[in-house]
């Protein structure tokens, strides 16, 4: 029997788009349901039912019309899905009862109609499916158990299974009716002698996603993991589970990815219970969550463990409580206590187990980060807590978000691996002559002879852009196509193109604006080389105007600079200077002009250097977003970039705070709007000059909350640390550390 059911309901569905093996892959709505009951005891069949469903969008694809023979007129007077499902439930229950039976199970020829059509559509329309749609029997798998020599399950079709047992195909021509009659015929055949098959492999659909913790030592099959990209930043694990509704996600199998600042970056890794569900998830590539389409790609178990795995006993104990909802608090005062947080949340949102339901995130040395995670026992308490979003605790507003067990692990792993002072391995610094003219570096002018392409598909390459430009390709300057990458080195969806004149750029912007590339329309704007250069160096260009790139802001040179200066000078060839990862294609050799009066310190790109640097939130020398076809921009300290671009009257642009005499003090816990004047006022009377203060910035060009101050002597530095450590900085407690 099918999980002790008395009857089987042979079930079939068709959509307004692709059907058959691609059913549900195009997000089209269901338009037809056909079913018939089979009595397992008496081996009898009931009446065949056929019901049209009215979709929200009354549009059928040509493929659907050809395969089903249906037209809009056939479905325009039908009932919507919720009414049809009610009719189905009532009809089947009544017929089962009339047969004297008590239960039934759905029988389908493929799980697609249940997992890829009914559950996703019901989720989007906020419909509650009857319980019978959460379990079913797959006829192909049952037939494989009954006749293992018939071939693999994936290759089985109704026609091949009927042929194997010697049955003729159904003579019906109507879509749905033919399939159901064939399934009923095959079912009765394998129930009878000589097969006497018992239906027992009942598949289930999870009612809800179960959160949980994942250990780094836990084996994770790479054939069960996908990466979802393009998620709204406020998405929770439950939102992602809803997007994959109908597929069974492993417990704790949603890991939201964070960027270098600890914020969600719109990506998630999802682990399913087996490879079959993973393969079905890949079919939802570019399906929609709200108004955004989500990209779905294969990922590995190693990637999943890197994000979701953890080894901390404190975290394991915190997450050991079952059926809890997690909230993340961000921006807490560093002096905040458990009792203050509980009072902030109030009695209307009690925390599970009081103070034990709070987990404060700290650096390895025990300093608070301003983040905390909170456990609540029910959704009502969570909703009450979220109402406190951006309310004030102490003198700071607090952000509250839904969170996940994987995010707890990821945040703790990230902060616990963040060094207090960068511990990058020593890398030799080679003094190189500044190039009088950077190869292919456009002169920053206000002439609007460039165009900006925005909204490119992430898979677009230079060849796609040239095809998109069409007849205007001949007006592009040599090496004039620049793809803009994000901080992860992936395409950002933007590109800049240098045209031969401002008139040609204007013509391109007029004729190509909102043309389609692949499945996306692309915006085309006229701009200047000055605007292009700033964006390529990591700045932003929007309606508010230009924002300078992070590398134009004061930054700390690498700590290894002390040991690196004695390195004997050497001259690098261009091939050594412009490393291969930054080149899209080989470049012809360029003539360089040496200028001994102006040298810069160049840091050769090394994989281990970037790996360690990306673990730290502070950009000691950030590698800005660059174009792979623009060799004029290379991985170097901000001071070096400034020196390379600055005119001869400004040699101080390449100087580093570490090269100044005196003692260095690290200031931590600064408000994010802190300026140099604020720090000078705080240390008034300690003989500081404005150039002795360097505020550290993250990869987004924002203050990281830390600064370095060079005092005239170590005695003055020690006195400043002793006297000012307990003084509030604009109402906020800061930490002062003397760097030896």
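Cβ coordinates are placed from backbone N, Cα and C, and glycine is handled just like the others.
Keep in mind that what you see is a predicted model, and the values were worked out from it rather than measured.
As recorded in TrEMBL:
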- 225-297: domain 'RRM' (DOMAIN)
- 326-401: domain 'RRM' (DOMAIN)
- 450-525: domain 'RRM' (DOMAIN)
- 664-737: domain 'RRM' (DOMAIN)
Practice problem: By DSSP assignment, list the helix, strand and coil residue numbers for the domain 'RRM' (450-525), in that order. | Solution: 25 helix, 33 strand, 18 coil
Quiz prompt | Structural state census, the domain 'RRM' (225-297) (DSSP three-state) | solution = 15 helix, 33 strand, 25 coil
Exercise. Mind looking up the mean pLDDT for the domain 'RRM' (450-525) in the predicted model?
Key: 86
